[in-house]
Amino acid sequence: MRGTSLFLLSVSATVLAGPMPAFAAWQPQKPIEFVATAGPGGGTDNLARAVQNIITKYKLTDQPIVVVNKGGGSGAEGYVYGKASAGDPYKVIFGTSNAWQQPLVSKVAFNYTDLTPIAAMAQDEFLLWVKQDAPYKTAGDYLKAAASGDFKMGGAQSKDTDEVLTRMIEKTGHVKLTYIPFKSGAEAAVQLAGGHLDSHVNNPSESLGQWRGGTQRPLCVFSPKHLPQGPKITATEGWGDVPTCVEQGLDIKQYEQPRTVWLPGKVTPEQAAYYVDLMKKVQATAEWKDYIEKTSQVDTFLTGAEFDKFIKEDLEHVKQVASEQGWLVK
Amino acid sequence: MDNLSELLHGFTIAVTVPHLALMVVGVLLGILVGVLPGLGAPNGVSLLLPLTFGMQPVSAIILLSSMYWGALFGGSVTSILFNIPGEPSSVATTFDGYPMARDGRPTTALATAFGSAAFGALVGVILITFLASWVAQVALAFGPAEYFAVYFLAFASFVGMGGAAPIKTVVALAIGFAIAAIGIDTVSGSVRLTMGIDELVKGVNFVVAVMGLFGIGELLVAVEEEFHARAVSSKIDWLEVFRAVGRLPRHSVALLRSAAIGCWMGITPGGPTAASFMSYGIGRRFSRRGRYFGTGEVEGIISPETADHAAGTSALLPMLSLGIPGSATAAVMMGGLMIWGLNPGPMLFVDQKDFVWGLIASMYVGNIVAVALVLLTVPVFAALMRIPFVVIAPLIVIICVVGAYSVSSSYLDVVMMLGFGVVGYLFKKLFYPLAPLVLAIVIGDKAEDAFRQSMLMSKGSLGIFFANKLVTCLVVAGIALLLLPLALQLFARIFRKPASIETTTQEKVII
């Protein structure tokens, strides 16, 4: 009842107020499904659940929200589901850049153009990690040692962000690395701790515990400037103390993975605008800041033309790497 | 003992009225999600997770882990009563649990399963308490080659000891590997075997496969055999619960062996599923009554259940100390840890002593609460067997359909589940063993990934499987287990008249 009366109220308000922006009119009328394109416990799942939690806490909508996990096929399951739900504004898909990267390199049955982009809400940084007792102190030393040609680089999935970055390191640093794909960055981190790998390029949150525990350490961050300082991770260092890779002679200025939010295709602009607005409200809360800090991500909000531009640029870049490696699917 | 005083401190945190109440609530919820197939522990825990955000981390993890224990126990209930395993790790429990329940001894089967599961869990917790730091080191020694060797060992322990004709076991394994290969391949990133069905990119979910193969398959066989004629008369017999638990010490060898296998597989991150299968396979070879396995043997229940819970419990250790989730449920809990502001990893033991030891102490108490509660429910569950077949059969179909759908809200899963039902029926009719098929579906893709990762590392040389003592021992043990039956048959042929072998293999029970 409350939902209906609120709806009527807002409709009448719109009518009374006369020429208001049209998108204020649409309100959800039934439960909303958050589709995480990752298994329970992964970074994308954590984001979906954090957003759900904030919306519920601040009653940003009257409708209940359920989170479902569709992480099969490296997330393809969730995107295919989004494509199949065209026109349904009650399915919100949470993913990463693999929404546009995956269709380039494997024959999945979706493309990012099948979905309606809402926003990129947070950026995960990448760092170059080595085992704690490794002899090299800087990325330069690492590259020198890697020139021997039998360095093993671990990462999550194949032909995905981690491998793309690995190939970029190869090209920029003039080395050859053996890339070993694992199911997740967490697995790669454990393999590095055990000495089965020489390095990996995990996000901060994937290796935070390992760094604190003294099994591995970051050499440099693939970012134009140092990360925000934040609390100390080890006795002496925090994220802000990690040098940038450019400073250390590995000339890759920036490499980031955005956390992205989508609606299925063929929804109305009003519906899309409603969710853009909802996510903006989420981002303004203290809980969101807390989530960003705990997962060591960078707060960002790209939507509309900015988001499109970001996708286009990233796509061009990945396409170049993929074609050099012969990954592109015909 | 440093650890001991830490543990006692942990008990002062765990044994408080609010925490005990949380354990009871958690265990009861866990039994509920465990009994309802398709829901399962990972989903149950993720549903509960948002409720814990406002709680103290210790209270939150106690609630969630109690739910996990409850679900592990609950998962065995449907395996035993209806031949529908709710979790991959309780598949092996169906092999003897279901025949025993069908024989009119559901109370005995359930009580035996719960009793031995509790024993396994207890051994697992003791191991965590005293060997935490050592265990963490062992897990680190495992690279892709070692992982593959462990999976190989699990396959070998099962194949080498299978009752069915070896060629049929191999066929079943091969079909299982093919099913496991469906979807995106981790190593190459390409899509395999989706046969033009877009949705298959997610792969075949274990629950879907198993509910069809076991639940529906068994139902089809039962309908054909006019199973309803043999109504099961099971009295609500409280004494039998205690008698069954009281008889457990007679099987102390099986209990200890299975607990050892379970702990070992839990630490070397082989996981509870591989542990229960391996324990069952080894139990069949070494038990005096091994030849009757598959017909409702007590040790056929003890072996997988003890190993499953020992592994499930000790698998929490790598999660805490290394940040590797040993199971899907552990992965959800790890997500929880992060949200509560804790970082799993080696420093957890240093920074968050109250949390870690409170949790470990709660494992002791939580398992005791769980086994007490679950034993109380045995007569109630056993009474389900008295419901006539004409009522229970449609119920099983409904459970399977709802269960398959609820995995990822997909109709395709329901269709596949029914398809697997037909496959299960055909396997039974043609005397093909289901166990290797399921084993290959569950750990086939992991074994494949590990093998190909090893090959990438060694640039294609098989030498990596003999590169150090650990991996060499594992591989040699696997090969030995694989060849053991052949060698024994050879000996039998040499030293005895070569007549009796053919007939005995035919008579063996196909599971």
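Placed from the backbone N, Cα and C atoms, the Cβ positions cover glycine too.
Predicted automatically and left uncurated, TrEMBL annotations should be read as such.
Residues annotated as transmembrane segment in TrEMBL: B:20-40 (among others). Panel annotation: around the transmembrane segment (B:20-40), residues 48, 59, 62-78, 84-87, 207, 211, 215, 362, 365-366, 369-370, 373-374, 377, 399-400, 402-407 of the same chain, lying at least six beyond its termini, place a Cβ under 8 Å from a Cβ of the stretch.
Summarising the annotation, TrEMBL assigns domain 'DUF112' to B:20-439.
Annotation comment: TrEMBL describes B:47-69 (among others) as transmembrane segment. Here the transmembrane segment (B:47-69) has Cβ contacts under 8 Å with residues 13-14, 18-19, 22-27, 29-30, 33, 41, 121, 312, 316, 329, 332-333, 335-337, 339-342, 352, 354-355, 358-359, 362-363, 366-367, 369-370 of the same chain, all six or more residues outside its ends.
Distant neighbours of the transmembrane segment (B:109-135): 1, 3-4, 7, 69, 72-73, 76-77, 80-81, 93, 97, 100-101, 240-242, 244-245, 247-248, 251, 255, 258-259, 262-263, 266-267, 296, 298, 301-302, 305-314, 316-318, 321, 349, 360, 363-364, 367-368, 370-371, 374-375, 378, 381-382; these residues of the same chain sit at least 6 beyond its ends, with a Cβ under 8 Å from one of its Cβ atoms. Summarising the annotation, TrEMBL assigns transmembrane segment to B:109-135 (among others).
The annotation transmembrane segment is assigned in TrEMBL to B:147-165 (among others).
As annotated by TrEMBL, transmembrane segment applies to B:171-191 (among others).
Summarising the annotation, TrEMBL assigns transmembrane segment to B:203-223 (among others).
Among the features that TrEMBL reports, transmembrane segment is placed at B:322-343 (among others).
Within its own chain, the transmembrane segment (B:355-381) is flanked in space by residues 6-7, 9-11, 13-15, 19-20, 23-24, 26-28, 30-31, 57-58, 61-62, 65-66, 69-70, 73-74, 77, 81, 106-107, 110-111, 114-115, 117-118, 121-122, 125, 128-129, 236-238, 241, 245, 313, 316, 320, 342, 348-349, which lie at least six positions past its ends and keep a Cβ under 8 Å from the stretch. The transmembrane segment annotation in TrEMBL covers B:355-381 (among others).
The transmembrane segment feature in TrEMBL is assigned to B:387-407 (among others).
If you look up TrEMBL, you'll see B:414-443 (among others) marked as transmembrane segment.
Annotation source TrEMBL lists transmembrane segment at B:463-488 (among others). Within the chain, the transmembrane segment (B:463-488) has long-range Cβ neighbours (under 8 A, six or more residues past its boundaries) at 141, 145-146, 148-150, 152-153, 155-157, 159-161, 166, 285, 454-455, 457.
Listed stretches B:171-191, B:203-223, B:414-443 were compared with the transmembrane segment (B:387-407); the greatest number of C-beta pairs under 8 angstroms is found for B:203-223. For the domain 'DUF112' (B:20-439), the model's pLDDT averages out at 84.
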